[in-house]
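To start, the structure itself, in structure tokens.
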């Protein structure tokens with residue numbers, strides 16, 4: 001019997017890439033590959049790349065330089081070592097990756113992961129393989145389903161892609177060019193995925209997409225369903241304890257999604273809703289197609305539906321033309337909304353996007369100062385949100401053993417890590433925890449002990465006449 005070959009995938013960026021990495025593992029399992037956590041002992045390394053953040057391509061080339069040395073060492077010992085570049089940098093850079101780093105065997109875009117086995121075979125035969133086209137077939141329909149043992153090994157929370165691509169064309173963003181137009185999967189296929197996960201121990205499902213609330217997949221009634229309708233359908237699946245979704249666009253928040261938050265107990269009250277800036281002038285330059293007040297009104301609709309709801313967001317500082325007044329508007333928005341957490345980034349131009357042609361660049365030192373100030377405000381809000389948990393009892397889905405012996409870690413409805421001392425048989429259960437302290441960004445608490453059942457009241461004693 002052939003020895004299994006070892007596969008290591010290093011993922012950068014978004015939740016979609018985490019999911020895609022799992023699907024690549026599933027696609028290569030029938031070829032005899034098993035996953036390893038180290039590139040050093042791998043036979044195939046895949047860099048699963050993201051093109052959103054600063055210097056994304058250069059980070060990939062830096063990683064490839066390290067992998068080239070591993071490939072040379074493997075060759076000196078008579079061992080085959082293969083390198084593949086996947087994801088959005090692969091889609092954007094294409095053949096340039098192989099030109100700059102000839103050690104690369106395969107370059108594959110996000111829509112072609114189901115072709116990985118054939119691409120590896122082609123690379124072994126011809127020396128290189130490149131596929132960055134947008135194939136006609138739905139990759140989700142041809143990727144093999146994950147094996148039961150793989151699902152169980154990945155834990156009690158799982159991602160399910162329901163939508164991919166984006167039609168919004170924000171001026172700074174490469175996603176429409178690297179992931180293509182919006183595509184939604186049929187409800188029936190999503191339901192099959194969810195049931196398979198639940199049957200193998202998953203308790204929490206996160207529906208993901210580049211613009212997930214633009215979901216419009218075909219329902220059982222042959223009509224397009226919204227994300228709200230899909231969530232309602234999945235909430236009725238036995239065994240689904242929690243539902244989440246990410247990432248959303250303010251323009252696509254509709255009445256059905258708001259109603260789902262009002263009516264579905266299993267839909268977690270935590271929404272990632274990027275806004276990018278609090279300045280209307282900058283939002284217009286970003287082609288966001290909404291104002292800061294439009295965003296505030298969307299937040300208000302969510303809070304009216306569920307007062308317990310909390311938010312995270314994304315912000316870009318230093319977008320071309322951003323003035324001090326524009327930045328102050330962003331700080332004002334953050335102060336008014338009050339976030340449980342958020343991510344902030346310095347603007348960096350993405351080649352091929354409209355914003356890359358803008359000339360009014362903000363000085364790097366100003367960007368640094370604004371980023372520090374904004375992230376400081378966000379961090380203070382997150383700390384206050386976490387402190388408010390002390391003394392309360394919250395439901396926690398327990399996921400795994402923690403680093404400290406005897407400690408189990410799970411997550412609250414707001415994705416806060418929560419640690420308790422307990423036996424590991426609570427993994428996979430949602431249990432109440434009383435929070436008594438914080439440790440950095442984690443909550444520390446104790447399981448609420450079940451109350452003993454009260455004995456029945458004795459019947460009144462009666463005497464005969």
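Cβ coordinates are placed from backbone N, Cα and C, and glycine is handled just like the others.
Quick look at what Swiss-Prot lists:
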BINDING   14, 50, 88  [4Fe-4S] cluster 1 binding site
BINDING   166, 170, 173  [4Fe-4S] cluster 2 binding site
DOMAIN    5-125  domain 'MTTase N-terminal'
DOMAIN    152-382  domain 'Radical SAM core'
DOMAIN    387-449  domain 'TRAM'
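Long-range Cβ contacts of residue 14 ([4Fe-4S] cluster 1 binding site) within its own chain (separation 6+, distance under 8 Å): 50, 52, 247. Spatially close to residue 166 ([4Fe-4S] cluster 2 binding site) yet at least six residues away along the chain are 173, 175, 176, 179, 181, 182, 210, 211, 214, judged by Cβ distances under 8 angstroms. A gap of 16 Å separates the Cα atoms of residue 88 ([4Fe-4S] cluster 1 binding site) and residue 170 ([4Fe-4S] cluster 2 binding site). Residues of the domain 'TRAM' (387-449) grouped by DSSP class, helix first, strand second and coil last, total 4 helix, 35 strand, 24 coil. In sequence order, 12, 13, 16, 17, 49, 51, 52, 56, 87, 178 are the same-chain residues whose CB sits within 8 A of the CB centroid of 14, 50, 88, the residues recorded for [4Fe-4S] cluster 1 being left out.
Around residue 170 ([4Fe-4S] cluster 2 binding site), the same-chain residues six or more apart in sequence whose CB sits under 8 Å from its CB are 276, 286, 287, 288, listed in sequence order. In the predicted model, the domain 'MTTase N-terminal' (5-125) has a mean pLDDT of 90.
Broken down by DSSP into helix, strand and coil, the domain 'MTTase N-terminal' (5-125) contains 66 helix, 25 strand, 30 coil. Apart from 166, 170, 173, the residues listed for [4Fe-4S] cluster 2, the same chain places the Cβ atoms of 168, 169, 172, 174, 175, 176, 210 within 8 Å of the centroid of those Cβ atoms.
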